Amino acid sequence: MAAVLGALGATRRLLAALRGQSLGLAAMSSGTHRLTAEERNQAILDLKAAGWSELSERDAIYKEFSFHNFNQAFGFMSRVALQAEKMNHHPEWFNVYNKVQITLTSHDCGELTKKDVKLAKFIEKAAASV
């Protein structure tokens, strides 16, 4: 039964895509969030000024944050997690004690998008408020 329902869902999505219909935010293509070359260059300059770096092995940005203790790091991560969930855009991150390493990219298209830039800006504000 689950296989049938899964197939029906896939068929529904395919038909909607062929008709050009939207299925909502969850099914929205990252194409609508792609950066132009000019937007990307400006975003990278702004993010680098804030301490972010581009990864050489893939189209992503990275930054490590340090806090006074684990509680501050965890509070920061909780705040970012709530925003990421609202955006339906989730960071790759790693936490040890007071350090949080964050990588942002859009996995569905394999590149940096407006969503990554927006989340990075939120992350900066969240870190500054800890």
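Here the Cβ of each residue, glycine as well, is placed from N, Cα and C on the backbone.
What Swiss-Prot records for Lys114, Lys118, Lys125 is N6-succinyllysine, and it gives similarity to another entry as the kind of evidence. According to Swiss-Prot, the feature N6-acetyllysine maps to Lys114, Lys118, Lys125.
Long-range C-beta contacts of Lys114 (N6-succinyllysine), restricted to its own chain and to partners at least six residues apart, with a cutoff below 8 Å, comprise His33, Arg34, Leu35, Glu39. Shown are the modified residues Lys118, Lys125; the one with the most C-beta atoms within 10 angstroms of its own C-beta is Lys118. A gap of 11 Å separates the Cα atoms of Lys118 (N6-succinyllysine) and Lys125 (N6-succinyllysine).
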